[in-house]
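Participant: Provided herewith is a single structure, encoded as structure tokens, for subsequent inquiry.
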Amino acid sequence: MKSLIQATIAIIVVTALLMYAGNAMSAGSGKSGKDTLTIFNWGEYIDPDLLKQFEKETGIHVIYETFDSNEAMMTKVQQGGTAYDIAIPSEYMIEKMKEEDLLIPLDHSKIPNMKNIDPYFLDLPFDDNNKYSVPYFWGTVGIVYNPSLVGDLDFSSWEDLWDPSLKRTVFLVDGAREVIGMGLNSLGYSLNSLDNNELRSATDKLIKLAPNVKAIIGDEITPLMINNEATVALTWSGQAADMMYENEDLDFAVPEEGSNLWFDNMVIPKTSKNIDGAHAFINFMLDADSGAQNADFVGYSTPNIAAMALMDEEVVTDERYYPTEEQRDTLEVYKNLGPDYLGKYNELFLEFKMSIR
Amino acid sequence: MQTKASKSALFPYVLWIAFFVIAPIALVVYYSLLDLHGNFTLENYKAFFTSVYLKMTLSSFWYAFLITFFTLLISYPTAYFLTKTKHKQLWLLLIIIPSWINLLLKTYAFIGIFGLYGPINAFIEVLGFDPKQMLFTDISFVFVSVYIFIPFMILPIFNSLDRLNPTLVYAARDLGASAFTTFRRVVLPLTMDGVKAGIQVVFIPALSLFMITRLIAGNRVITLGTAIEQQFLVTQNWGMGSTIAVFLILFMVIIMLITGQKNKGGRVR
Amino acid sequence: MTKLTTSAKVYLAIVFIVLYAPIFYLIFYSFNSGGSMNNFESFTFDHYKAVFEDTRLLVILINTVIVALLSALISTIIGTLGAIGIMTVKDSKMRNTLLSLNNVLIVSPDVIIGASFLILFTMVGIKLGFASVLLAHVAFSVPIVVLMVLPKLLEMNKSLIDAALDLGATRKDVMMRVILPYIKPGIFAGFFLALTYSLDDFAVTFFVTGNGFSTLSVEIYSMARAGISLTVNAISGLVFFVTVLIVIGYYFVTSRTSKRTGGH
């Protein structure tokens, strides 16, 4: 009995000490101004120095929280409880958030740096006239591969994935839209298809890919590709850029039949309590200098032309990351399929996954 | 040991059940009756009885069984030997400590260890064999799962072995019982409650494992837990996700009924 | 006490090596001057320096430990009382029902627990942050405590309690002097596994946290997209060494004092 009481007291004392230390530390890190701005972003998706610079310039204290999927982010915004001022969802999620009335319209007069964005990336179907969102980064879906290990395949066509020589080597990303979309693209269909026959034949085609599939995973593919543990992977261009930065043997290709063009965008959710601060932050991130610094840090493709002018020429002219307008014409942006077809896509994806044994 | 004092002991626990168990179950059951548009329906339950989900249920049970079996196989002797060490409490703590390091980090470490250029394959090469990709196989999946659950199995078994009166064992041996008979007739029955507790805390969560099904098994193993995760986070079909959860809870209740002890109160043997 | 045979020692050694292998692997790479957990380039302390420069990460670490310790403590108290209470329920059907309810949170995937707790907390109006995370961790740790304490209660001899009561002990005495000391190993087991649950949890915490409050697991998971930085390895290595030191130190201090006072 005595030891139980002792242990309880010890735990309480330790906790109290830790609380004291924690408070002292967070006080030291400077929570000066009352003005705060809560940002909800993907993990490691911003240069932390920029946050510090923003705090210094504006006197606004930044609270930074991270998420790892659009859907989880939306659930949290929808439930409220935290006053998120900025969130950075992907394009299809913006359509959904608009429908659910979770976004605050932007006041363009407070974002003069909007002029820095390539007009090509403005006024896109998912958000007319950028009423609610401003693009943050963009990219494509393609195949990253190790040329020395795949013979003479160059993945200019999705068909190359079905090549018998790739038995049990292909890694796929764990996303229904990406994988079913690839199946649709490989047959020449739109990756936003709402045609049950097309979807069926795409799934059947994918099931034929099963013998070649090694695994369906998420972000863990990055270290595996870097370390030459994997030879071929379906992935996003930004992630491919990370891999190629670490492992120079790798190459990235977007097959000619077409693929996905995606955007992550800054929005102001309904939960915001500092709308002026949020506009100031968006404008700050669209500035040429901070845009360039952020793109250098994150390694994804920026829509900011003024920033591109300040960046390494070799990077911004690399057609693998910055495809020409002509190449972009084969790419499609995901449309919000509506709950029924999103469910259908996921059902088919599950069926495909179960076929891998 | 009844009436008031014990009733008040039960009070915070009952409060916990009401707020954190009953309320969530009510929510889950409610959502399971909704379709994608928020209308009442039994479609989700019907959908569960399609081949995809039945196959998934079977494979979840199969893997949970394998995981529990191997965990028990490794943990029982470990717990037994631990009770015989000099500083047994310390050794026991040292079994638990690894479980306090973040699981995702350990999983990444396993990816490295099992990898083509990891230490195991380096060893295999030294022995003169070709390196093998051990990741994304059933074996690596079961291995890592067993690794995660070992402390959960060892603790209850250790606790029940620890109180085992050694004179009982000596008596049995003196009376001419073989080591095996002694174990089967004396040691095992007396530690059965610990073993049962261990099986419950391994088998039940093993049914709904997710994360490592992707990280270590590369989605070659799909459990009900993975499916729920997908329904909630990707499809945002909370209805179907909740339906699978309702079935998981039903399965758990059945397991509890099978392994539940039938005698009343303390041990009367 | 019978001595351990050599083969038993070898067996234990193998179990320990396997249990610690991934941890030593992590720590090994925390000294890697390269950026990732493969290709060891050269030895460096840089990642450890980075830990002490990163106050945000340190505050998160402290939060994590506070939540783990407090939630494990509270859930151990609730769970132990609950287990004792369950044992006093005479009706076996009722008892099985309670036990099944107990296990609901163990079988439910984290996503469901997280989402339903989030709905619950926002409905009741609990501010998301430290309090909601602590509550959630207490909630999902209670069942494991019950499951650890129960077998000890089951094997306890009822006549022991009856004898104590016959000898004129009050109910409080029985609780303090007979039951609690007997089930103590179960209580500690419950506490330690509750710590494990709390330290490992990502999904539930993600949903119920807010207003800038974060734990190490949430932080690590959100790093996965860009690769986990070795600073996290370094911080885990530090936590590991400190824990081992505390555990060994505590063990020898308590075992020496109890020897001196003649307890066991």
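Indices start at 1 and increase along the chain as displayed.
Any Cβ shown, glycine's included, is placed from N, Cα and C.
In case it helps, TrEMBL gives these features for our protein:
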DOMAIN    B:57-259  domain 'ABC transmembrane type-1'
TRANSMEM  B:12-33  transmembrane segment
TRANSMEM  B:61-83  transmembrane segment
TRANSMEM  B:90-114  transmembrane segment
TRANSMEM  B:134-158  transmembrane segment
TRANSMEM  B:197-217  transmembrane segment
TRANSMEM  B:237-259  transmembrane segment
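Quick one: how deep are these features, and who are their neighbours?
Facilitator: Sequence-distant contacts of the transmembrane segment (B:12-33), counting only residues of its own chain at least 6 positions beyond either end whose CB sits under 8 Å from a CB of the stretch, comprise 40-42, 44-45, 238-239, 241-243, 245-246, 249.
Long-range contacts of the transmembrane segment (B:61-83) within the same chain: residues 91-92, 95, 141-142, 145-146, 149-150, 152-154, 157-158, 161-162, 164, 195, 198-199, 202-203, 206-207, 209, 221, 223, 251, each at least 6 residues beyond the stretch ends and with a Cβ under 8 Å from a Cβ of the stretch.
Sequence-distant contacts of the transmembrane segment (B:237-259), counting only residues of its own chain at least 6 positions beyond either end whose CB sits under 8 Å from a CB of the stretch, comprise 25, 27-36, 41, 44-45, 47-48, 53, 57, 61, 196, 199-200, 203-204, 207-208, 224-225, 227-228, 230-231.
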Participant: Could you give the residue numbers and ranges of same-chain residues that sit at least 6 residues beyond the transmembrane segment (B:134-158) on either side and whose C-beta is under 8 angstroms from one of its C-beta atoms?
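Facilitator: Non-local partners: 63, 66-68, 70-72, 74-76, 78-80, 82-83, 92, 95-96, 98-99, 103, 107, 110-111, 114-115, 120-121, 191, 193-195, 197-199, 201-202, 205-206, 209, 212-213, 216-218, 220-221.
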